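Heads up, the thing below is written out as structure tokens.
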Amino acid sequence: MYILVWKKGQQIKTFHTLDEAAQFKAASNIDEAQMFSVTVAPAISASGGSNEATNLRRLMYLSKSTNPEECNPQFLAEMARVATIRNREIGVSGFLMYSSPFFFQVIEGTDEDLDFLFAKISADPRHERCIVLANGPCTGRMYGDWHMKDSHMDSITTHPAMKTILYQIARSFSSMWSYLPKSAGNMLLLGKDPAAQPPEPMSVVVTFIYLVEFGSILSNPNLTEQAAEVLSTFVDVCVKNVEGSGGNIAKFITGICMAYWPINRTEEALTAIQQISEDLAQLRSQQAPGSAVSLMYSQAGVHYGRAMLCNAGSRKSDFTLLGDCINTTSRIATLAKKLKTPLLFSFEVRCLLGDEMREEIEGAGMHQVKGRDKPVVVYQFPGPELDVEMVRQKIEQFTPGRFRCQMPVVEYEALPISQRPPIFDDTPKGNPRPRTPGYGGRQRSDSLVDRLIMIAKLAGPSVSATGDTTLTTLTYISQATRPMSRLDLSAIMRTATRRNAQQSITGTLLHVNGLFVQTLEGPKDAVVNLYLRIRQDPRHTDVTTVHMAPLQERVYPSEWTLTSATEEMLATFPPLQDVLSQLAKSFTSLETYVPSTVVRYLTAGNNPRNLMPVSCGVVMLATDICSFTSLTEKSSLTEVWMICNTFIDACTSAICQEGGEVIKLIGDCVTAYFPGNNADSAVAAAQELFTFCRQLREAFVDVLDVRGCVSCGVGLDYGQVVMAQCGSLGLTEYVVAGAVSARVMEVEAITREVGYAIVVTEPVADRLSPQLRDHGIVPTPQAIEGLPCYGIAGEEFELDVDSIKRGIKALHAARSGEKPLTEPEEAKPDFRVSPGRVRHGDSGRRSNSAQGKRSIQVR
């Protein structure tokens, strides 16, 4: 192994070969560095269960039995007997527990021993979906005397609470794992909380892979039914080739795949992207007449640079890459469309290639791209052109005939209410949300609390007499805010027993190592109201619903008004505490990364795989930070993360508060949707967000801080979208896609040109309340695809981009000690309305805030 040390020992990186170290040094322009050759030997191996081992690792995993009927105590005993013989020989200790239909296992040993054993365990046909809950170093063995201790859940305790709770948490965790970003999943595999990890700078090769003219496919009404199948095929092809070449999928964005590779995998990255094009070509040739898969082409841009792998957001999170090189990659991918090439990459990527591949490429010239002062030099592989216009014509002329796809999209409104997926947040407008001290002063919202609050409000004060009396069970987990003594637990028990008996509620409360796990059973409205009161209790935090579903009969008899199970109940099998605690912590972390629709559907007792693809009309919102490239090009990666994290938190708070659903967090860009009949709430969220940015600038006006230059534009548009889950190769995406998804980005972009921070299209304006429609919007001189656009009136919602750019230049100049350049102040443009559709009575309506500011009429 070779170690490269530079920056006077502040930066260290290891490599397997000397060539890799030298290549990294040259590509990173490192001048003063030292290289060392190191021989690494394990301190101990095959310790035979000894507690003296020093390089130990502990691994905990969850899996699902392929044949639950045969997993009785005798079956487990035989499994443990065989495992004990094997593990004693290689020095592995641990335990195995079964709670139908899930296996929970912990193994301890050296890295070499665990890697060998876990590879065999993963291939065992007696279980499937093997998911690691924790994997990290340990100072000593917890189960040194157990080479494989086994226990069936029925042998540990007859108490129904443990079996029920383990099943509910494990089921939800297992189902949500495939929706988790791989980077966040890798953190969980190491036993780390992704949200608690500091940003990690790295050098990466980044790509954006576009599904060519996917917007045209969505716009063609004859192809709407096949949109979900097209997306699912695209996801599977990208996952297979990216991960198969040593890369990582960062995210999917409506027909776009963002992926990255380490710099020593640059050639593999380009080969994988070429293979994606070849796989799609093969699929096109194999399709039956009428299949939209025959219209799938890919186009990609690749760039190399410094980026930061980090967690962004708290209420809804994204574990992704941030950095200026991400924006440049996107521009190169857009340039590929103009140059009619399927793969375009920058000069920086060319420098990382070997001599053999360099001989295959050809220059594609120097081109100016948006957001960069200097032109970029790009290269391509020789080959046939990819004419986007030709693809568009094929899509427009395409007719599916009698072809029927495997994933048909159905109209949301045509489904019975009971079968509609929970794609909207039903929280009543203006409902206060529980808050606790924490990052940003907010508590991460529980996935079901919005719907539960609505039910509670509708139920009224006398729920037990007149509300919904359907027998319902609800399980939640939470963390104690302070250590709980026996007296504290006794006080909780006394209060709960008296209160719950009056409302016919039974259940169980577990307290294990600071973790509360409670199940409530009773009339639905009574359970919901009690749960909402419990959430307000200051003695716990991070309250998260795990399961909520109707019951045929009570699991806990009526005489058990509330049963407490503490460490004493678990004394017969101490490892159960570790399993329950780790499972609950991992579930809490995972829930913030999974789409809200999936979480709501899952915790209501459904299988997410049964989510039906639907189409419906929504108000789409898109926002990003103005002049983000200029703001961040001279900022540190930590500052970039701080800007994005602050902005994303503000966006998710405003959107969720107004009943919207966050779709994607894309660097400094956030997209979301609102119900089609709730356009006013979308405008309110946009106003709240822009106000936050203004207040943020005011807070840092006297400080040389990048947050003092943060502003944003917001675009709102209305249109039909398809909502479907896509992918089957270990990664699942819940996608919200439609022509409006791309159009709303154009609406957001014109905010810089027209001088309004919030711009809406006419379809959105038609859905606003009469007061806002008649007195709160102003026509703009711009139109998007023939749709007139309007700005939200008011001096407080005007956007002066020139002032923002001057502020950014002044900030960078002041921080570098330079004198800022003085530019002659340009006259403000006189915006005039271009001829378009005029409504009867428009000429007589005028906004007070707009009068005297611009000589234009208010719609």
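Backbone N, Cα and C atoms are what each Cβ position is placed from, and that goes for glycine too.
Owing to the predicted nature of the structure, the values given are computational and were not obtained by experimental measurement.
Feature annotation from Swiss-Prot assigns compositional bias 'Basic and acidic residues' to 815-831.
Residues or ranges marked as domain 'BLUF 1' by Swiss-Prot: 56-149. Averaged across the domain 'BLUF 1' (56-149), pLDDT in this predicted model comes to 80.
Residues or ranges marked as domain 'Guanylate cyclase 1' by Swiss-Prot on the basis of sequence analysis: 205-333.
Swiss-Prot lists 471-563 with the feature domain 'BLUF 2', giving sequence analysis as the kind of evidence.
For 619-748, the entry in Swiss-Prot reads domain 'Guanylate cyclase 2'.
Residues or ranges marked as region 'Disordered' by Swiss-Prot: 420-443 (among others).
Here Swiss-Prot flags 813-859 (among others) as region 'Disordered'.
When each of the listed stretches 56-149, 205-333, 471-563 is scored by C-beta pairs under 8 angstroms to the domain 'Guanylate cyclase 2' (619-748), 205-333 comes out highest. Counted with DSSP, the domain 'BLUF 1' (56-149) comes out as 33 helix, 39 strand, 22 coil. Look at the domain 'Guanylate cyclase 2' (619-748): DSSP puts its residues at 61 helix, 40 strand, 29 coil. DSSP states for the domain 'Guanylate cyclase 1' (205-333), grouped as helix (H, G, I), strand (E, B) and coil, give 65 helix, 39 strand, 25 coil.
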